[in-house]
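Working notes, structure below.
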């Protein structure tokens, strides 16, 4: 037996030689002369590995979010909690079925190169069909969440007609998206059961485009509506972190980013590995809703109401003007203050005050933690009360009914608060 090393090929000394362009000869359904380069083979392997990584990350992130939600949520029977739980469970189930698909012969390199149908078992086809059906249910849960947010943002709003119209459009678009995904899944299974090598790219592409369109449309509606609402609240001096801010964060994180990713998935070349962007967009849409809700709720628990336009400060257990020493002195400058604020509030149209305007409560942040789950929206405070007894956080413990005569208290901010209350409850058709 000779110990001499085998001679090296002349290509070893050629610096311009690319081994990735070397060909492999194998037998396929087209005969014995089938060839493939090492670069093409490596591309198939990289595509499978990339899909496995993305679905592994998706499964782990969804499972972790599901556990955290069960640990932190205080109310588990609200619609938003149920929708989030269903979406997370479906994304875990879909990822698990996709793992089975990746490990089956259907997704193997052998079948991709040779194309022999006898290499595919009926169990592999069943897993493929179940994966498509779970994907339909996942898209349905995402669309339900989007339509639910559209409904929530217009609940109790003065724009009832516009809100009903936009909710109907969103619902129709969501139904069309889910229907197209269902048609794509059924058509794909029918074709696959007859011929495992057949595909239905037309229906799948149409369903993905509809999903991207629905996300783009509903994100635009939510963001525009919420920006207008928050602008109005800031104009009134409300700086606390409430339901409008929570929904704005949810809409930005869970809708705008997936919209951009969906657009990139169709604008970039598929050979650059952009086919997994659709999976990333779906993951962000499912994860961001509960994560944003929990983060916003935690921020609310530590926040306090703070107003910009208030001229009052608290001293001991009573409520006194913060800058002047008496109500007589305050009344002198009140006309100038209310006049300036009235001109500012006149930037927005007003309507006649209704009876319900007199029963609004002061906004507190202690109940805001469950705001996103109960769909409750707080109102502006009533500056004065027609009753003798004072209530609220500034109630005087030493005050007894009947000790003083009923008087009409007029503070420096009475006129301004009246204008703010009118504006907040108005039916503003110009926004």
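From the backbone N, Cα and C atoms, a Cβ is placed for every residue, glycine too.
From a predicted model like this one, the values you see are computed outputs, not experimental measurements.
Among the features that Swiss-Prot reports, topological domain 'Extracellular' is placed at 1-49, 103-132, 189-205, 267-275. Among the features that Swiss-Prot reports, transmembrane segment is placed at 50-72, 79-102, 133-156, 164-188, 206-230, 242-266, 276-299. Annotation comment: Swiss-Prot describes 53-61 as motif 'Glycine zipper motif'. Feature annotation from Swiss-Prot assigns topological domain 'Cytoplasmic' to 73-78, 157-163, 231-241, 300-431; the stated evidence is a curator's inference. What Swiss-Prot records for 310, 315, 331, 360, 366, 385, 386 is phosphoserine. Annotated phosphothreonine per Swiss-Prot: 329, 363, 382, 411, 414, in sequence order, evidence recorded as a large-scale study or a structure entry. Residues or ranges marked as ubiquitin cross-link in Swiss-Prot: 337, 374, 400, 422. Summarising the annotation, Swiss-Prot assigns compositional bias 'Polar residues' to 379-389. Taken from Swiss-Prot, the feature region 'Disordered' covers 379-406.
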So, does the transmembrane segment (50-72) come close enough to the transmembrane segment (133-156) to give 3+ Cβ pairs below 8 Å, pairs being at least 6 apart in sequence?
-> no
So what's near the transmembrane segment (164-188) in sequence-distant terms, Cβ-Cβ under 8 Å and 6+ beyond its ends?
-> 129, 132-133, 135-136, 139-140, 143-144, 146-147, 150-151, 154, 199-200, 203-204, 206-207, 210-211, 213-214, 217-218, 221
Mean per-residue pLDDT computed across the topological domain 'Cytoplasmic' (300-431) | 46
Long-range CB partners for the topological domain 'Extracellular' (103-132) (under 8 A, at least six residues beyond its ends), listed in sequence order, are 26-30, 34, 36, 41, 44-45, 48, 94, 97, 184-185, 188-189, 192-193, 195-197
Taking helix as H, G and I and strand as E and B in DSSP, count the residues of the topological domain 'Extracellular' (1-49) in helix, strand and coil.
-> 19 helix, 13 strand, 17 coil
